[in-house]
Amino acid sequence: MSFRVVRSSKFRHVYGQSLKREQCYDNIRVSKSSWDSTFCAVNPKFLAIIVESAGGGAFIVLPHNKVGRIAADHPLVGGHKGPVLDIAWCPHNDNVIASGSEDCVVKVWQIPDGGLSRTLTEPVVDLVFHQRRVGLVLWHPSALNVLLTAGSDNQVVIWNVGTGEILVHIDSHPDIVYSACFNWDGSKLVTTCKDKKIRIYDPRSGELESEAMCHEGSKATRAIFLRHGLIFTTGFNRSSERQYSLRAPDALNEPIVMVELDTSNGVMFPLYDADTNLIYLCGKGDSVIRYFEVTPEPPFVHYINTFQTPDPQRGIGLMPKRGCDVTTCEIAKFYRLNNNGLCQVISMTVPRKSDLFQEDLYPDTLAEDAAITAEEWIAGKDADPLTFSLKDRVSIVQGGYVSSGNTTLSVSKKANILNKASASRGGGGGPLSGGNHSSANNNESNDANQIAAIFSEKDHRNILDEIRKLKAIIVKQENRIRALEAKVNAAAGDETDARNSNKNGSGAAAPTAAAESSSSQPAGSESANDHSTAKDKAHEED
């Protein structure tokens with residue numbers, strides 16, 4: 001007698017459910033770029049989507065409560081001169097987002113609470129180094145203001161966004177970098193390249209530690225670090241079949257698992273949930289989302305289920321665990337972009353009968369605060385990302401997380417040529433501090449106050465200049481209106497004079513005619529009287 005043992009897992013019955021259309025985001029002109037990107041980035045406050053834009057590149061930022069049909073003239077973030085290729089929200093400040101574009105520039109933006117009321121064109125800082133288009137932006141998981149960028153010039157650069165300085169420059173890739181990912185504490189960096197190889201670097205020194213053949217296919221590959229140190233990759237084999245693999249960093253040449261999935265030609269994006277060890281595979285052009293669980297037992301990567309939709313997906317974004325609704329046992333939330341302009345919201349839920357907080361589903365998750373600064377990280381310090389319990393610190397408002405931290409930017413000026421352009425515009429190039437981070441140093445606070453005063457004075461001057469220009473325009477228009485009124489009055493006067501002269505002419509002619517008629521009438525009467533007198537004389541003679 002034979003029987004099959006079903007693997008025990010609390011995520012075995014996870015199911016996906018899409019929200020109603022009126023609870024999604026419609027009428028979005030998703031970018032038609034052929035670049036392999038997710039085109040979407042989500043955090044507990046905002047949804048950002050790369051869109052089509054005339055005359056440059058742009059992306060739209062929407063608060064989560066602005067659902068339904070989006071107006072065609074909705075404000076955009078549109079400071080790039082070329083199409084935007086990739087965007088990423090800062091994990092330590094929900095109001096800060098970075099974008100890379102075909103114009104070779106990386107821009108960091110500050111989004112106000114509540115969303116945009118007008119199109120935003122002035123970034124906080126411009127990061128200029130790449131010579132070709134920038135297709136990848138990635139934030140460090142635990143260090144504040146550390147941003148990685150990679151371009152089609154085969155260069156990988158790690159920046160200190162706060163000062164606009166380059167911390168590390170990696171130029172050992174022979175071809176375009178497809179993907180990059182930090183490990184859990186940010187001490188290692190894994191990249192995949194067009195030369196079909198996977199590489200592991202020390203991100204501080206840029207030293208190559210190991211490399212190996214990733215997938216034999218020529219199409220794009222992706223690699224991510226899992227929480228416990230393993231590496232998960234997606235790619236293609238020689239027959240263009242899609243496959244995934246699991247590898248150990250010290251044995252990249254020997255995959256622990258290598259599995260073929262299907263023969264579709266869309267690049268697969270692995271979206272990883274470190275709290276549950278679930279990996280969601282979302283292929284570009286696919287109509288399905290497959291999800292797997294990674295465990296220490298063979299076969300290590302366990303298939304769970306597939307979420308099926310009728311429409312192919314153009315891009316996708318994964319909400320951080322801080323934005324999930326714990327009251328409904330929601331463990332993941334996806335924002336799926338369709339070709340028809342609909343951003344579909346999909347909720348992944350574990351069925352539970354109890355309404356209480358499920359501690360086994362929600363271990364401590366990533367917090368909004370940074371563990372270390374950029375200076376501490378580049379000096380050699382490593383730190384795991386800060387975590388917190390959703391049970392203790394979460395607030396549920398419309399099914400989401402509400403941060404109580406301060407999301408303002410504190411600017412610390414530093415002599416740097418990269419900051420001159422932005423400083424001249426009043427944008428500054430200071431470090432972006434999110435969450436509850438605030439300066440405890442009096443000198444820094446004084447500097448911030450002085451800079452704020454300088455900025456306010458400059459803004460005041462700009463406002464005065466604008467007022468003077470408006471006054472000049474008003475005076476000019478008033479003079480023009482007076483001149484037009486004078487012309488109109490002159491024309492009206494001439495017309496009145498002409499009308500009066502015509503009236504006077506007709507009045508003089510009428511008396512003349514009357515006089516003529518009166519003078520002619522007595523003459524006629526006199527002739528008649530003469531005729532009658534002559535008749536009387538003739539009768540008397542007879």
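Just so it is clear, glycine is given a Cβ too, placed from its N, Cα and C backbone atoms.
No curator has checked TrEMBL annotations; they are predicted automatically.
Among the features that TrEMBL reports, compositional bias 'Low complexity' is placed at 434-445 (among others).
The compositional bias 'Low complexity' annotation in TrEMBL covers 506-527 (among others).
What TrEMBL lists as compositional bias 'Basic and acidic residues' is 528-542.
TrEMBL lists 4-68 with the feature domain 'DUF1899'. For the domain 'DUF1899' (4-68), the mean pLDDT of the prediction comes to 91.
Annotated region 'Disordered' per TrEMBL: 422-445 (among others), in sequence order.
Sequence annotations record features per position, and here TrEMBL assigns region 'Disordered' to 493-542 (among others).
TrEMBL lists 77-119 (among others) with the feature repeat 'WD'. Through the fold, the repeat 'WD' (77-119) approaches residues 31, 33, 35, 37, 41-46, 48, 50, 53, 56-63, 66, 125-128, 130-139, 141, 144, 147, 149, 151, 159, 161, 320, 366, 368-370, 385, 403, 407, 409, 432-435, 437 of its own chain, all at least 6 residues removed from its boundaries and within a Cβ separation under 8 Å.
The repeat 'WD' annotation in TrEMBL covers 127-169 (among others).
According to TrEMBL, the repeat 'WD' annotation covers 170-211 (among others). Residues of the same chain lying 6 or more positions beyond the ends of the repeat 'WD' (170-211) and with a Cβ under 8 Å from any Cβ of it are 36, 135-136, 138, 140-143, 146, 148, 150-152, 154-158, 217-218, 220-225, 227-229, 231, 233, 235, 247, 249-250, 252, 274, 377-378, 380, 382-385.
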